[in-house]
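**Q** Attaching a single structure in structure tokens format; questions to follow.
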Amino acid sequence: MDADQTRMDNDIRGHESTSASDLFSAQHYNNHDSPSATAFIRGDDDNAAFTQHHYQQPPAYSPDTNNNINNNYIDVGVKDQELYPIGILVDELKNDDVQLRINAIRNLGTIAMALGPERTRDELIPFLNDSIDDDDEILLAVAEELGDFTEYVGGPEYGHVLLGPLQNLAAVEEILVREKAVESICKIVTLFNEFKVEHYFLPVLTSLTNGEWFTSRTSATGLFAVAYDKLSTGRKAELQNLFAQLIQDDTPMVRRAAAKALGNFTKKVDKKDFLSTLMPFFLKLTKDDQDTVRLLTVEDLLKTTSIMTAEENKQHLLPILKTLGQDRSWRVRFMVATHFAELCQAFGESVTREELVDMFVALIKDSEGEVKVVTIGQAPAFAKMIDEMTLVDKLLPCIKDLVIDTNQNVRAAIASNISGLSPILGKDITVEYLLPLFLQLLKDEFPDVRLNIISKMENVNQVIGVERLSLSLLPAIVELAEDKQWRVRLAIIEYIPFLASQLGVTFFDERLLHLCISWLGDTVFSIRDAATTNLKQLVEIFGCDWAKNTVIPQVMMMARNENYLYRMTTLFALSTMAISLTPEIVKDCILPTVLELVEDPIPNVRFNVAKSLEVLTPILRNSPATEALTTSQVKPALEKLNDDSDMDVRWFAEKHC
């Protein structure tokens, strides 16, 4: 018995050792010629024994076994049960299915928590570092997870162990992986103190900067700003020189990345250091032979203005802006135009009025339509920074020319932005200069132009008043109500309630009511649907009596139309308006018409009768005078529809009953 006990104890100790330690250590591969971690992830057959041996289920309990031995086995079983989910995750890391491997990577935190900080640092991180040659999707997941892994390796004190695999990931070919690796490195380094930045991060940054492949050098550009504040003066100078090295790189992709990162780096650098060290290289980027590099310097210039005084901006940066604004590449001019309002704010009103008006005029007259379109979008913001005389003398003539530009996208941009000038120009100048342009744009042959001018009319209303605007533009609005493009008609419908609220019921009944009724018969369902909503809004503006005497009689006439679509639209309109009407008006004007259509020959009409009755019932119940109708008239109608020959009609009627 003693010998058996000894053998059993040895077995237990061996089992404990296997289950609770060295999940990723090389000793488990001794019988398999130490296969690589990458092979392990991908599930080579030679490694199958690893998981089977180390993640077997706990031994079964036997009542005949010695109590002491049972207790030992129970302890081991608990440990195995804790490690068993890890075994499943490791199996998934080996799976051929990429999605399963990604899921396993997403659960690396679970493995790390089970292993503890020390074994995570010594085993899991090296294991991940060896798997850098996996699929891009896997690498992207690893790069993302490692950014949040500091707590699993023991906190910021040990965060540097994560830099190795992330450095490797920052050098791979796939740009998404590199960007995520850079983002994760930045996350980790923000937790470092000066010592760790200098002794662990700087070697990584230097290595990437001097990397043989352009991929590592492009990644390096995104790392300069993150730890710059934590370095000594000497080390800061070293970083400036390293960045200058990247700006002068032979590879356009690296210079482009450097240009993209320069603005953020500049915000960290002392103004004196920038002017003495980085300014010459910034100028070099603005003159790069690649326009994709030059266009990125526009944003750099904008960010650099934040570290300079107004006078320094005018002295050092304004000449650069003027050069970029006249660049031979339209893409660079496009970028200048895109940020023009921001640039004006950065340089201030004085410089804008003295130096930048002519540049804006040149951009809005640019030979490239794309440049003109984006410049037009900046016009309202730019107009706020210049005086009224300059606006009238220099900007409005350009606007007038663009209204008849041969490029329809330019005209659409003008239509979308011209109304934004009204609050700046005031009532008199708007009436004199802009109203004729509005009328001209409303008659443009391109539907987007007409649509844009209608949808932005509210800005003009606030300046000159809707009555003046409507009187000037009403003929064009009436004409657009029958426009061949249904979206234009829809825009007019959505504008009608606002006009009605401003013009009053008399003017509306005389000039616009017939349009609102005509839309109910439109060939496009979206227009008919919008027309019913429009009537509801008009009822809320003009009141229930107006609806009873003016609109409802005209709508009811459509209930007898031979075209079933008109009869359906009648039901839509009446049930939609009913929500805004009193129960008495619903009883007298709407319910009889709806009940008449219970025996309509078209199933779709009968189906919508059932739907309309569902809407009317709660309205009728709201008043003691009409509540009885739900039993005497509505219920019999629904019962009749419940026996309808059409299955859908029966279903909805039964549901409502």
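Any Cβ shown, glycine's included, is placed from N, Cα and C.
TrEMBL annotations: computationally assigned, not manually curated.
In case it's useful when we look at the structure, here is the feature table from TrEMBL:
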| type | residues | note |
| --- | --- | --- |
| REPEAT | 85-123 | repeat 'HEAT' |
| REPEAT | 239-277 | repeat 'HEAT' |
| REPEAT | 278-316 | repeat 'HEAT' |
| REPEAT | 317-355 | repeat 'HEAT' |
| REPEAT | 395-433 | repeat 'HEAT' |
| REPEAT | 434-470 | repeat 'HEAT' |
| REPEAT | 473-511 | repeat 'HEAT' |
| REPEAT | 551-588 | repeat 'HEAT' |
| REPEAT | 590-627 | repeat 'HEAT' |
**Q** Could you pull out which residues elsewhere in the chain have a CB under 8 Å from any CB of the repeat 'HEAT' (473-511), counting only those six or more residues past its ends?
**A** 435, 438-439, 442-443, 447, 450-451, 454-455, 457-458, 461, 465-467, 518-519, 522, 524, 526-527, 530-531, 534, 537-538, 541-542, 546, 550
**Q** Go ahead and report the DSSP secondary structure tallies for the repeat 'HEAT' (590-627): helix first, then strand, then coil.
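**A** The counts are 33 helix, 0 strand, 5 coil.
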**Q** Over the repeat 'HEAT' (395-433), what does the predicted model average in pLDDT?
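**A** A mean pLDDT of 91 is what the model gives the repeat 'HEAT' (395-433).
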**Q** For the repeat 'HEAT' (239-277), could you work out the same-chain residues 6 or more beyond its ends whose Cβ comes under 8 Å from its Cβ atoms?
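**A** Answer is 205-206, 209, 214, 217-222, 224-225, 228-229, 231, 284-285, 288, 290, 292-293, 296-297, 299-300, 302-304, 306-308, 312, 316.
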**Q** For the repeat 'HEAT' (551-588), how many residues does DSSP put in helix, in strand and in coil?
**A** 31 helix, 0 strand, 7 coil
**Q** Tally the residues of the repeat 'HEAT' (239-277) by DSSP class, grouping H, G and I as helix, E and B as strand, and everything else as coil.
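**A** So the repeat 'HEAT' (239-277) is made up of 33 helix, 0 strand, 6 coil.
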**Q** Please spell out the DSSP helix, strand and coil residue counts for the repeat 'HEAT' (434-470).
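**A** So the counts come to 30 helix, 0 strand, 7 coil.
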